[in-house]
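Beneath this line is the structure, given in structure tokens, with notes to follow.
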Amino acid sequence: MSKSPTISFIGAGNMASAIIGGMLDNGYKAGAIWVSAPDDEHLQGLRKRFGISVTTDNRYCAQQSDVVVLAVKPQVMASVCEDIAAVVRNTRPLMVSIAAGLTADTIDGWLGGGVPMVRVMPNTPSLVGKGAAGLFANSRVSEQQKNDVAAIFDSVGSANWVQQEEQLHAVTALSGSGPAYFFLILEALEEAATNAGMAAETARELAIQTMAGAAEMAARSDLEPAQLKRNVMSPGGTTEQAVNTFEQGGLRELVQKAYSAAYTRSQEMAKELAGK
Ligand SMILES: NC(=O)C1=CN([C@@H]2O[C@H](COP(=O)(O)OP(=O)(O)OC[C@H]3O[C@@H](n4cnc5c(N)ncnc54)[C@H](O)[C@@H]3O)[C@@H](O)[C@H]2O)C=CC1
Ligand SMILES: O=C(O)[C@@H]1CCC=N1
């Protein structure tokens, strides 16, 4: 494979756009990126926004590249793979799936078998270079191919290999779905502050800056999150009241329950879709 591989994305939705946007901001050339999807108007928007090449023909798109990223919903993956299987057999690209749930073996079967495949669970903050991705490679993937894929996801955040494919369920429930958890907390904090009379714009600014600041501190500090939390909690002060309210209200149990629900759904999707 060349040092700067050509990369095709099949599917042009939220996740593909986030990865492409992040890649272009981080040194990848628009000329080396192809995207296909059924909606030409949407594709033309992406072409204008990113300067990448677009097509409504998945087979043509797959044919262009050293790396083909399958970025469609799990429910349409089987038909997409069966449609491009002959092209993949001829051109032998590295296949990358970002779909939740679907196992490498299932997708490999739809592509006709014997395909080098990396499964990635990325997340949407890839768009701003702050993505967090878990990666698993099947036994047919070469070291060079592993490096090529890791480079893509490192360019838009951090790429983390897992040794067992099963571990991708845990990644999905943490970082794949995770941005939504924090957006939910943002919504709730904004609402609480506006209920207290703060202007919505100010509430949003303060909430976002606080979340970003806390994340940055946790990333840079040697202290445990529990200690960072205690450092904000003056005895008898305000934070103590709020944190106690969270704890007594069962926040930890609720987080565990929500995480388990996402994890279980990821396992279920793998089973449900394997036969299709
Ligand atoms: N949105 C997220 O935060 C994350 C999504 N994922 C995975 O990424 C994949 C895509 O998800 P999203 O981007 O959120 O979905 P989306 O619905 O935004 O995008 C799906 C894209 O596939 C296209 N498409 C539909 N049928 C097609 C076909 N037959 N051929 C080619 N393209 C077709 C659609 O036009 C659309 O551009 C899913 O498998 C999901 O599990 C993984 C991690 C995070
Ligand atoms: O909700 C989903 O199924 C996808 C996978 C992780 C984030 N979005």
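Any Cβ shown, glycine's included, is placed from N, Cα and C.
Copied from TrEMBL, the annotated features are:
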- I10, G11, A12, G13, N14, M15, A71, V72, K73, P74: NADP(+) binding site (BINDING)
- N58: NADPH binding site (BINDING)
- 6-101: domain 'Pyrroline-5-carboxylate reductase catalytic N-terminal' (DOMAIN)
- 165-269: domain 'Pyrroline-5-carboxylate reductase dimerisation' (DOMAIN)
Local Cβ density at N14 (NADP(+) binding site) - other Cβ atoms counted within 10 Å: 11
Binding-site residues: I10, A12, N58, A71, K73 - member with fewest neighbouring CB atoms within 10 Å: K73
Rounded Cα-Cα span from the residue listed as 'NADPH binding site' to A12 (NADP(+) binding site), Å: 11
Rounded to the nearest Å - Cα separation of A71 (NADP(+) binding site) and the residue listed as 'NADPH binding site': 12
Integer mean pLDDT for the domain 'Pyrroline-5-carboxylate reductase dimerisation' (165-269): 97
Per-state residue totals over the domain 'Pyrroline-5-carboxylate reductase catalytic N-terminal' (6-101) - DSSP helix, strand, coil: 50 helix, 19 strand, 27 coil
Of the binding-site residues listed as I10, N14, K73, the one whose CA lies nearest the CA of N58 (NADPH binding site): I10
Distance in Å spanning the most remote Cα pair of I10, G11, A12, G13, N14, M15, A71, V72, K73, P74, given for NADP(+): 14
